[in-house]
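Here's the structure, in structure tokens; my notes come after.
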Number of protein chains: 2
Amino acid sequence: MTMSKPNWQALINEKRAFRESQIPLEWRLDEMITSQAHRDNPISAFDLLDQTDILTQHERDMTENYDATALLAQLACGAISSLEVTEAFCKRAAIAHQLFNPLTEIFFDKALNRAKQLDAFLAREGKPMGPFHGLPISLKDTWMVKGEAATLGFVAYLTKPVAEENSPIVDILLDGGAVLYCKTNVPQGLFTLEGENNVFGLTMNPHKLTLGTGGSSSGEGALVGFRGSPLGLGTDIGGSIRVPSHVSGCYGFKPTANRIPFAGQQFHFRKGWPGMLPSAGPHANSARDLMFFCRTIISKEGWKRDSASLAIPWKDVRKKKLKIGFWQGAHETPVFPPVLRALRKAAEVLEAAGHEIVPVSTPEGAGTSQCLNIYVHSLGFDTKATLMKFLDDAEEEILPGMKDFRNLMADIPKSTLDDVWKFYADRADFRTAWHTKFTDADIDVLLCPCHQGTGMPHSGYGLPIYAMIWNLLDCPASVVPFLRSNKNVDSEKIEGFDTDAVDGAPTHVQVVGWSFRDEEVLMATEVISDALEKFSVTNL
Amino acid sequence: MTMSKPNWQALINEKRAFRESQIPLEWRLDEMITSQAHRDNPISAFDLLDQTDILTQHERDMTENYDATALLAQLACGAISSLEVTEAFCKRAAIAHQLFNPLTEIFFDKALNRAKQLDAFLAREGKPMGPFHGLPISLKDTWMVKGEAATLGFVAYLTKPVAEENSPIVDILLDGGAVLYCKTNVPQGLFTLEGENNVFGLTMNPHKLTLGTGGSSSGEGALVGFRGSPLGLGTDIGGSIRVPSHVSGCYGFKPTANRIPFAGQQFHFRKGWPGMLPSAGPHANSARDLMFFCRTIISKEGWKRDSASLAIPWKDVRKKKLKIGFWQGAHETPVFPPVLRALRKAAEVLEAAGHEIVPVSTPEGAGTSQCLNIYVHSLGFDTKATLMKFLDDAEEEILPGMKDFRNLMADIPKSTLDDVWKFYADRADFRTAWHTKFTDADIDVLLCPCHQGTGMPHSGYGLPIYAMIWNLLDCPASVVPFLRSNKNVDSEKIEGFDTDAVDGAPTHVQVVGWSFRDEEVLMATEVISDALEKFSVTNL
């Protein structure tokens, strides 16, 4: 089954050539621009975009000044056509791709055809096809779209046939009138925090190309953050939606596991893991888009298509004044100045807006080290190291993130059956400790960091412990972009923090609720986002 | 830690003497009656009850002709007092105990005092204390009630101190105005199907003392089936609510795991089992009581008291004409004539009542043998055999059920970590197979047997595979009593079936819905029960 290195390089070259061929010539950027787009240039892709006029003013307006909800309102009444919206996002995604490499599969042609059909449907029927009518939606590479590949950046997967069926959620999107146009990049092995693999290369951060995009929904976060997509579908088992969202300055939401259908993705991990529960969820450019996506998908009763999906109907909850727990992180994992500043400013703004802020301390025995300890042990359950096998099968070069992952795994003793018991017992204790914090303070949501820092220089993100906690507890959690790193203000010296390197990177807050309270977290995310946006607009 | 046999016999004698002392002298049955109450006499406890007039006509009326819902309506408006209802059920439970031994802890005094307080509350406040106002509720021995023991029939637990705190659900019941008055018997080790242990002895079937009560909520099923309790709280990890309910002719419901708070029970299994999910749920004398109990408990938001309890609010669903899947069982585990007759008659009655009956065949590779295979392997994960340790610690005599269990375990190879992966993978496949059956037929619920047979001669119940399937799938399932075994009709010869032995035993149907559709299953159980009761009354 192993293939020699020369062979894999040829396969990669072929795949990349195919990918580039999917970008129409008229959307190709001038070499003067693309020559600036590389990992060592601390430039913003937004600034590079300003150097081209491939996008018309109307296309810039549609992609920059509307969220998905606003676009859908226009699409549903025919005020704008699906074709013009789709073309705008295809073009912007094409530009994004040439600037920071977020895409894996590109199928703009199919998308434009589909958009025409949807426009014809609206004209003919006098009503939209469904709640996603005419809207382009991007997908993490793991999702299956009939006729498209899903290689996950594994060289060994390059020879797999294209998908014969859609993932159940992809069917729901299509039934609802969505337009699919591209799939997006992931880290090698999907368990690391840098959007790079041997097949598709490195995805860079649109806000500063020297920074990483996090993982594992790396390309989704970057594409949506650049507004090359109005709505993206990712997955999150340890921060994989929230990390790429916060580093690229967009919104992201990890629901309670299996509230959004997760089934039917490309296989990349041994079947039957008795460890963490993964979630599917959205990347977006507004809090209300997160809400819209989840409400719409859940209302489509995915549990009839996916045997693991939970038959829990959507529940509408009203906006209200919130009681917000405020956790500034654990001493053992200090939060870096820009994120801490954003977090404190957010608490201040929210309090001024009439919400109650309740300080919450780290529960005893349930801080970041214990989270990491429990989480990492569950990764060790795969004594067959399936993940590494995909790489070894193709004699792939192991990239830095995956080397770190392998070293982390090498440090833990070989797992036994007793370790699974210990994992379940430790997780239950961890859960009780945090449950007590939530119930004693009687909070609606917890405001906290999603990471120590912002997006970090390539391969330097570190472990996403502040995201992983909520996977370990299966709690719904969103990230909201708020403010940016500023080297003139964020000057405190902390190990691992380089204020110059991250200057200008988006900062964020994380909003967390107890398990199954997805609707409440989404409502709170909207309420919090409204207050923070009002502050940001006033203080531009 | 081990104690010698003479010592444990003394401890048992002391415990039994204490238990008997809790039954007031004036409620003791004549020796002429009690001498008939033994495991070799195929008599009904209902017939023995007719030989005494300890219960007044009013007490017989209250205990026999009202379900919990009807009693609560009378209690809430003061038409009957909590004291009279409580005294009636204490008396009836005392009689039950002398006839078939269902009780472990008896605290009638406290109950009568509590009832007086509740009557005073209603008189003073002009309103009931809560939804359970004044109603006696019985509890499986595993539940913790402050000041009461929870020995689970383990000799090693006889020296444990009494409970210092209530289980969270016990607090919910008490906050709601319930009256607690007794706890009930369980099988040795709780993983077998015969309500017998060395501490409390054997619980017999009220309908025929030669038959067993199933397990593990053995005493609950028997007590509620005899109407010695209007509502009981049990737990179910492999049929433990449904089996004792159907063998003793009452209703029982196993919810989706953790919809009813499960926390705070007496410890009896190693912490951190990566296997089956247990459920807490009600035993009752009507389908509407199952609905009432679940709706009320879930509305009290147990997730604020129990970190594992799911924050999924109660959802009202309306009664409707049902689409009912009809599964008559798997060829490899033939259903005995009386149960098959009840099942077929039920389908006939339901169809005549206007419901749609859709035959459902056993899904390929997901029948009873495969269920048993997957389930039993998960029991083998405890390589430390914690359950046996409690017995060994006290050098307890191992009873037949536990011997069978030990033999079953001895047959499977020693588990490793890979077996846990296999369990999760196999369970997912099993789930997909059944999911396809449910979705292809587009059914509201599945009508099927809960067991091959009815209650069986002592130690002869067999493996409760038709109940276990729905634990393996975490599907909500209820049992509804319907008809009885009749040796004149159920004459077909099948291995393991003795028509004379079970003549007169209650038969049943099981009603199952997909995971998390608890409300729909409870609604369907009411609808089905209404139709079956109407038939039973007409055909008396």
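Just so it is clear, glycine is given a Cβ too, placed from its N, Cα and C backbone atoms.
Quantities reported herein were computed from a predicted structural model and do not represent experimental measurements.
What TrEMBL records for the substrate site is B:SER216, B:ILE237, B:GLY238, B:GLY239, B:SER240, and among B:LEU180, B:LEU190, B:LEU193, B:LEU277 the residue it adds there is B:LEU190. Residues within less than 8 Å, Cβ to Cβ, of B:LYS140 (active site, charge relay system) and separated from it by at least 6 positions along the same chain comprise B:LYS183, B:THR184, B:VAL186, B:SER216, B:SER217, B:GLY219, B:GLU220, B:GLY232, B:LEU233, B:GLY234, B:THR235.
Note: the substrate site is recorded as B:LEU190, B:SER216, B:ILE237, B:GLY238, B:GLY239, B:SER240; in the same chain, B:PHE191, B:GLY215, B:SER217, B:THR235, B:ASP236, B:ILE241, B:VAL243, B:PRO278, B:PRO464 also have Cβ atoms within 8 Å of that site's Cβ centroid.
Its own atom aside, the Cβ of B:SER240 (active site, acyl-ester intermediate) has 33 Cβ atoms within 10 angstroms in the protein chains shown. In this structure, B:GLY239 (substrate binding site) belongs to neither helix nor strand by DSSP; it is coil. There are 23 other CB atoms within 10 A of the CB of B:ILE237 (substrate binding site), with all protein chains counted. Of the residues the record lists as binding substrate, namely B:LEU190, B:SER216, B:ILE237, B:GLY238, B:GLY239, B:SER240, the two whose Cα atoms sit farthest apart are 11 Å from each other.
Sequence-distant neighbours of B:GLY239 (substrate binding site) (same chain, six or more apart, CB under 8 Å from its CB) are B:LEU193, B:GLY214, B:LYS254, B:CYS450, B:HIS451, B:PRO464, B:ALA467, B:MET468, B:ASN471, listed in sequence order. A strand conformation is recorded for B:LYS140 (active site, charge relay system) in the three-state DSSP classification.
Across the domain 'Amidase' (B:84-522), mean pLDDT in this model comes to 96.
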